Amino acid sequence: MTRKQVHLAAHFPGVNNTTVWADPRSGSQIDFASFVDLARTAERGKFDFFFLAEGLRLRELKGRIHDLDVVGRPEALTVLSALAAVTDRLGLAGTVNATFNEPYELARRLSTLDHLSEGRAAWNVVTTSDAFTGENFRRGGFLDRADRYKRAAEFLRLARELWDSWQPDAIAADPETGTFVRPGGIGTVEHSGEHFTVQGRFTLPHSPQGRPVIIQAGDSGEGREFAAAHADVIFTPHGRLEDGQRFYADVKRRLAKYGREPHQLKIMPGVTFALGDTEEEAAENAAHIRRQQVGPLTAIAFLEQVWGRDMSAYDPEGPLPDVEPDLSEGVSQGRVPIKDRAAMAAKWRALAEEKGLTIRELVIEVTGRQTFIGTSEAVARLIDEHVQADAADGFILVPHLTPGGLDEFADRVVPLLQERGVFRADYTGTTLRDHLELA
Amino acid sequence: MTLHLAVALDAAGWHPAAWRESSPAVFSAGYWAALVAEAERGLLDFVTIEDALGPQSTLPDGFDDRTDQVRGRFDAVLLAARLAPPTTRIGLVPTATTTHTEPFHVAIGIATLDHVSGGRAGWRAQVSPRAAEARHFGRREFPPVDQILNRPGGVDLSTDPHVRDLFAEAADAVEVARRLWDSWEDDAEIRDVATGRFIDRDKLHYIDFAGRFFSVKGPSITPRPPQGQPVVTALAHARPPYEFAAGGADVVYVTPHSAEQARAIVEEVRGLSGDVKIFADLLVFLGEDAARRKARLDERDGAELVSDAAIFTGTAGELADVLLEWRRAGIQGFRLRPGALPYDLTQIARGLTAELRGRGAFRHAYEAATLRGLLGLPRPVSRYAEVS
């Protein structure tokens with residue numbers, strides 16, 4: 001029996017504390033060369049796709065722009081379009097918000113990317129909850145959670161109507177007969193819904209993939225349902241084995257309701273990794289990376305997000321202070337809001353007491369995500385095991401450095417996955433849908 | 001003084017029947033890459049890329065059902081970005097409309113184009129007056145353009161109150177983009193390991209723009225682009241768009257049909273701004289058989305070609321005469337619209353540039369690495385930077 005194949009993607013380490021900017025090897029997060037480096041490494045490693053997040057407002061803490069982390073990024077689809085010129089097979093995925101965009105414009109931008117990359121475009125559909133981000137947009141304001149997903153679902157349905165509105169063979173371009181567009185080749189879109197009323201004609205022919213690959217990142221009940229109905233890939237935080245298996249089973253189970261098969265939705269947790277020649281060295285590397293990611297000031301900043309108050313007077317290397325969280329408003333803006341800060345504060349306090357952790361040690365402990373730590377052999381084995389055990393269909397790797405952050409993985413781990421017979425030796429198709437076996 | 005030369009790229013060229021002679025793959029990146037490579041070999045200042053939020057039509061508003069002309073266009077900003085890596089010196093100026101779009105998105109898109117091209121980005125800011133395009137967004141109802149044209153004194157769209165509002169909105173969109181580009185000072189990123197700070201937050205600025213049509217808080221999420229301010233351009237045919245261009249653009253494209261008209265337009269625009277670069281648009285068919293080629297295409301299309309810009313047919317030498325005459329009227333550069341691609345582009349990039357060089361009126365090599373540099377525009381300091 002053939003083993004389940006692993007899917008791999010690379011996340012450009014964006015704007016947050018996962019990127020270790022203080023490392024001397026850390027380069028620019030904005031120069032195009034940094035994007036080219038990581039994308040080409042991912043393509044050398046035969047990855048499915050390259051993934052870019054978006055930001056629409058700079059984060060704030062205590063009413064001021066957060067200044068400790070890497071900040072400043074390009075517009076995702078514009079960079080991906082430029083990357084289409086320097087890569088051949090790699091999928092190009094961008095996060096673009098459905099709350100602060102209009103379907104007609106975004107559908108044509110995504111279709112353009114699919115044409116220009118010859119079928120490698122993917123859209124990570126996200127929604128935004130806060131009026132804080134809305135302050136940068138015409139639309140302004142915000143929608144409550146349920147409405148955000150309703151709008152996103154209608155957005156996606158409308159985008160598909162637009163993408164499908166030209167017959168696949170609409171372009172004849174026959175100079176002899178003088179027929180550029182076949183009669184009836186361009187359909188009219190008439191959409192009237194709760195959030196959008198759009199009538200007219202689209203401006204692009206059917207793209208190589210017909211429609212870009214749809215990615216969804218979001219873990220709520222609404223998010224899972226949205227993914228089951230619409231997405232081709234889910235980007236999840238559930239990288240740990242049992243947690244991943246529960247999520248995997250839950251989401252795949254929801255597919256039947258929408259007439260879909262389990263293989264039509266790929267579950268890909270975002271994970272980090274730390275390699276070493278020995279297990280000890282890998283563990284040391286991992287600990288070193290985490291200490292760099294959570295410096296003393298960053299540790300305090302995390303605490304302030306949960307406690308909702310100024311904690312700058314406390315020693316990050318000392319114990320958690322005995323003050324109660326201020327639950328009135330919160331001090332952080334531009335991040336995913338924490339649902340129940342009181343519960344989280346209680347959990348953090350209990351953990352710090354139980355394990356005797358300092359503030360910084362606590363933050364390192366609680367903000368880590370699944371990390372594959374070990375020798376190349378061990379990491380290849382772990383990845384394979386997670387996939388065979390239905391905890392995931394693959395992983396989106398988040399390196400902590402750019403450039404160079406993916407080199408070791410591509411050179412050392414990928415060949416071992418290939419040896420195990422669970423990862424492609426070369427691309428067998430040309431489109432991202434081909435790579436993801438979604439066709 | 002040498003003149004500036006740009007070409008306006010669109011589909012198979014500006015004659016609607018042009019595609020029948022070259023059968024170009026207008027929906028492939030390779031077709032566009034070959035065009036821009038040719039323009040760069042000719043050392044042209046920049047290419048512009050046309051765009052709109054609806055398909056092409058022979059009607060003033062709404063869709064025709066013609067099947068014999070090119071229909072469909074890429075998003076111009078993304079196409080320009082795709083063309084950046086294979087080129088090194090030529091400016092890339094996509095069209096992005098200011099109507100219906102989010103100024104924040106457009107501003108960071110153009111800033112990103114500047115980052116990926118190493119300082120070669122421009123923006124042709126354009127309004128979308130059409131009711132048919134407004135229906136693609138469903139948020140505003142526009143009067144049909146035909147109806148505006150039929151009002152007393154219609155003809156000139158730009159005097160209509162609806163169109164005036166669109167230009168006022170466009171002016172706000174450009175102002176927002178310019179503030180966002182300045183909202184990060186050049187040295188905002190400090191990577192100060194000693195204090196743990198990646199940025200100096202005092203060098204990031206809220207733009208706090210509040211206008212009639214939208215408000216934008218800022219700052220940008222994209223650091224200040226390499227040119228500081230990418231080059232803003234606009235096409236203008238009458239007073240309100242002249243005012244818009246004079247107030248917000250670095251380059252204005254105007255459409256005189258004679259040297260006298262060119263002189264009058266230059267005088268009018270100069271009365272509004274001493275700084276804006278004035279380019280003239282010309283639709284051109286070049287070569288010994290230019291007039292015959294155009295006539296053949298007209299016949300194929302079933303109508304004589306019409307354009308807002310003057311239509312030139314003749315040899316590169318004859319065109320050079322016209323350009324130099326218009327330059328004496330105060331025109332500083334030209335945006336030539338090739339009648340048919342790639343033929344007329346090749347004639348421009350090879351024949352015309354050689355002709356102009358022979359007369360000491362065009363560059364022999366790219367003299368700068370950025371579009372601002374090619375146009376002789378200084379790199380501006382962020383408006384928010386403290387003067388020390």
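Counting starts with 1 at the first residue shown.
Backbone N, Cα and C define each Cβ position, glycine as well.
Caution: TrEMBL annotation is automatic and unverified by curators.
A quick note: this is a predicted structure, and the numbers were derived from the prediction, not measured.
Residue environment of A:S220 (FMN binding site) contains 12 other Cβ atoms, counted within 10 Å of its Cβ in all protein chains. The FMN binding site annotation in TrEMBL covers A:T95, A:Y149, A:S220.
The feature domain 'Luciferase-like' is assigned by TrEMBL to A:23-387.
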*Using Cβ-Cβ distances, find the residues under 8 Å from A:T95 (FMN binding site) that belong to the same chain and are at least 6 apart in sequence, listing them in sequence order.*
A:F51, A:L52, A:A53, A:E54, A:A76, A:N124, A:V126, A:A217
*If H, G and I count as helix, E and B as strand, and all else as coil, what does DSSP give for A:S220 (FMN binding site)?*
coil
*Around the Cβ of A:Y149 (FMN binding site), how many other Cβ atoms lie within 10 Å? Please give the count over every shown protein chain.*
22
